[in-house]
Amino acid sequence: MAEISDLDRQIEQLLRCELIKESEVKALCAKAREILVEESNVQRVDSPVTVCGDIHGQFYDLKELFRVGGDVPETNYLFMGDFVDRGFYSVETFLLLLALKVRYPDRITLIRGNHESRQITQVYGFYDECLRKYGSVTVWRYCTEIFDYLSLSAIIDGKIFCVHGGLSPSIQTLDQIRTIDRKQEVPHDGPMCDLLWSDPEDTTGWGVSPRGAGYLFGSDVVAQFNAANDIDMICRAHQLVMEGYKWHFNETVLTVWSAPNYCYRCGNVAAILELDEHLQKDFIIFEAAPQETRGIPSKKPVADYFL
């Protein structure tokens, strides 16, 4: 069981916010790929489970999330993407989540967000961070290859559909999602792009997204989708909400946001959603990790796109 003890040591190291060696990243990504390649585009997840939104490289706040929500493997987690970019510790954040996935594959589910993309990470921080911390782009390459293997969505007990962004005019059924070839860079348009980029909007039908990708979708679209697929609700992330979570359309869509004091300046709280075995909901609200627990690195300029 040398592999397990190696993994446990790497997890311990990453929990201390210490980097693992480039050769270890390569091996970790190879193991992760073997696990992720078996997962469906609509990955089945059993309750009880704790559902989390965007993390964005806020490593010490991810540790705070585990402090309030429980550690893996005692708690079963589903993370809805956007592990990287904007925060100071995208490398440590993503590698920790990946190491936990390899160590406890049935206790943590990772699905893809719009930032799990080569193009986006070259603009919003992860690429530069890999270069700065490892001295080359090799680690970024290993990680972005893994992004292509991440599932596009999950379904909890057949009743709660979880996706990073939202719905697509090209998709009416979960089976249509299952047929997408996901092992690629996030396209600029089309169903795979929409799942990762779309947002709910207080309207009916479909609207043009101000993000330049995906769509705005209304309450009638959600009602049709939920009925067609016999699901109770859609759970998604992708949008900052100051209270940590927000209901839309008469509690048929839920936004969960898990990066407190986003970008170290927004002043928002974060939330995670605990679902018990009967899918009863309990929200845990938490604030940013206290200052004394973090080593804040020198502030680096980031592109000021703020969505």
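Cβ atoms are placed via backbone N, Cα and C, with glycine included.
In the record from Swiss-Prot, residues Asp54, His56 bind Mn(2+) 1; the candidate from Asp46, Asp71, Asp82 listed for the same site is Asp82. Taking the centre of the Cβ atoms of Asp54, His56, Asp82 as the Mn(2+) 1 site, the nearby residues of that chain (Cβ within 8 Å, site residues left out) are Gly53, Ile55, Gly57, Gly81, Phe83, Val84, Asp85, Arg86, Gly113, His115, Ala237, Ser258, Ala259. Cβ-based neighbour count (10 Å, all protein chains) for Asp82 (Mn(2+) 1 binding site) stands at 26. In the three-state DSSP classification, Asp82 (Mn(2+) 1 binding site) falls within coil. On its own chain, His238 (Mn(2+) 2 binding site) has Gly53, Asp54, Gly81, Asp82, Gly113, Asn114, His164, Gly165, Gly166, Leu196, Trp197, Asp199, Thr255 as residues at least 6 apart in sequence with a Cβ closer than 8 Å to its own Cβ.
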